[in-house]
Amino acid sequence: MDHAADATRTDLMTITRFVLNEQSKRPESRGDFTILMSHIVLGCKFVCSAVNKAGLAKLIGLAGETNIQGEEQKKLDVLSNEVFIKALISSGRTCILVSEEDEEATFVEPSLRGKYCVVFDPLDGCSNIDCGVSIGTIFGIYMVKDLNNATLDDVLQPGKNMVAAGYCMYGSSCTLVMSTGSGVNGFTHDPSLGEFILTHPDIKIPKKGKIYSVNEGNAKNWDGPTTKYVEKCKFPKDGSSPKSLRYIGSMVADVHRTLLYGGIFMYPGDKKSPNGKLRVLYEVFPMSFLMEQAGGQAFTGEQRALDLVPKNIHDRSPVFLGSYDDVEDIKALYAAEQKNA
């Protein structure tokens with residue numbers, strides 16, 4: 001009997017243990033971040049359970065309300081938003097919350113305040129619920145500058161100021177991927193234990209990938225560099241093999257695949273939507289943060305994505321993120337266009 005192998009299998013690194021280990025590396029830590037993360041994890045577990053039994057519980061119909069993006073809200077959207085708002089406030093470690101579902105930011109009452117601001121999309125890709133496609137929760141965490149004088153400026157910061165970011169994908173398995181600024185790690189939910197277990201330690205995106213991910217239905221409205229890049233993916237002139245197109249339409253699922261297999265995920269601006277569709281604070285920033293931490297890049301068509309300074313909490317931006325070399329290629333096309341302008 002291989003006792004060493006058995007020991008490896010039984011020495012499970014849970015997400016709580018992992019975050020506590022990270023905390024021990026920082027002498028100034030008082031455990032606030034660990035408590036906050038445990039509440040985010042609780043929210044993810046609740047939503048995972050709700051997504052898994054959505055059909056049985058009749059949660060997947062439209063709720064009859066419209067969110068501020070003008071999208072019909074699904075019942076699961078509403079439920080997920082409420083769960084995360086309550087979980088984050090009850091942690092006692094948050095100050096300002098920005099949700100994709102709420103028009104205004106939520107300022108936590110002073111007696112329950114902590115030093116963190118959390119920006120999140122409680123259920124990204126919700127239009128895919130009915131057809132069983134993977135959906136997910138995306139979150140980013142900032143530190144408040146002055147706890148006694150918290151303002152919207154505390155969340156209207158560039159993404160490079162985030163202290164942590166992550167997403168939880170609800171699919172064939174429930175996977176939580178996060179970074180606290182020192183690499184990216186992935187955890188898979190074990191339903192028998194009720195715990196997230198470290199299954200993807202220190203994720204590194206391949207330097208170059210074989211996949212591109214974009215909604216080609218918008219191609220007629222694209223700008224020059226995006227059109228040229230996709231043409232290059234399909235019909236390479238250097239004798240290399242064409243890239244494969246993979247597009248699910250759920251950002252969490254598309255980015256998760258890109259992170260693990262390499263390649264590029266694109267949601268460019270176009271004639272119809274010059275700023276693209278993705279929201280800066282709780283979609284572009286967290287995913288860009290993760291990509292950079294995994295050794296990739298994120299670019300808006302004009303600048304590094306994490307250098308953007310949002311003016312409003314629901315601002316949108318184009319984004320190109322993924323393998324370092326693939327993003328370099330599209331950056332070169334934008335630079336050439338600017339030079340010729």
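Even glycines carry a Cβ here, placed using N, Cα and C.
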From Tyr229, Tyr267, the one annotated by Swiss-Prot with Asp124, Gly125, Cys126, Ser127, Asn215, Tyr247, Lys277 for substrate: Tyr267
Given Swiss-Prot lists Asp121, Asp124 for Mg(2+) 3, the same-site residue among Glu22, Glu231, Glu283, Glu292: Glu283
According to Swiss-Prot, Asp121, Leu123 bind Mg(2+) 2; which one of Glu100, Glu101, Glu103 is listed for that same site? Glu100
If you compare CA-to-CA distances from Lys277 (substrate binding site) to each of the binding-site residues Glu100, Asp121, Leu123, Glu283, which comes out shortest? Glu283
For Asp121 (Mg(2+) 2 binding site), the close binding-site residues (Cα within 10 Å) drawn from Glu100, Ser127, Asn215, Tyr247, Tyr267 turn out to be Glu100
Just to verify a number: CA distance, Gly125 (substrate binding site) to Glu283 (Mg(2+) 3 binding site), in angstrom, no decimals. 11
When you rank Glu100, Leu123, Asp124, Glu283 by Cα distance to Tyr267 (substrate binding site), which of the binding-site residues ends up on top as the closest? Glu283
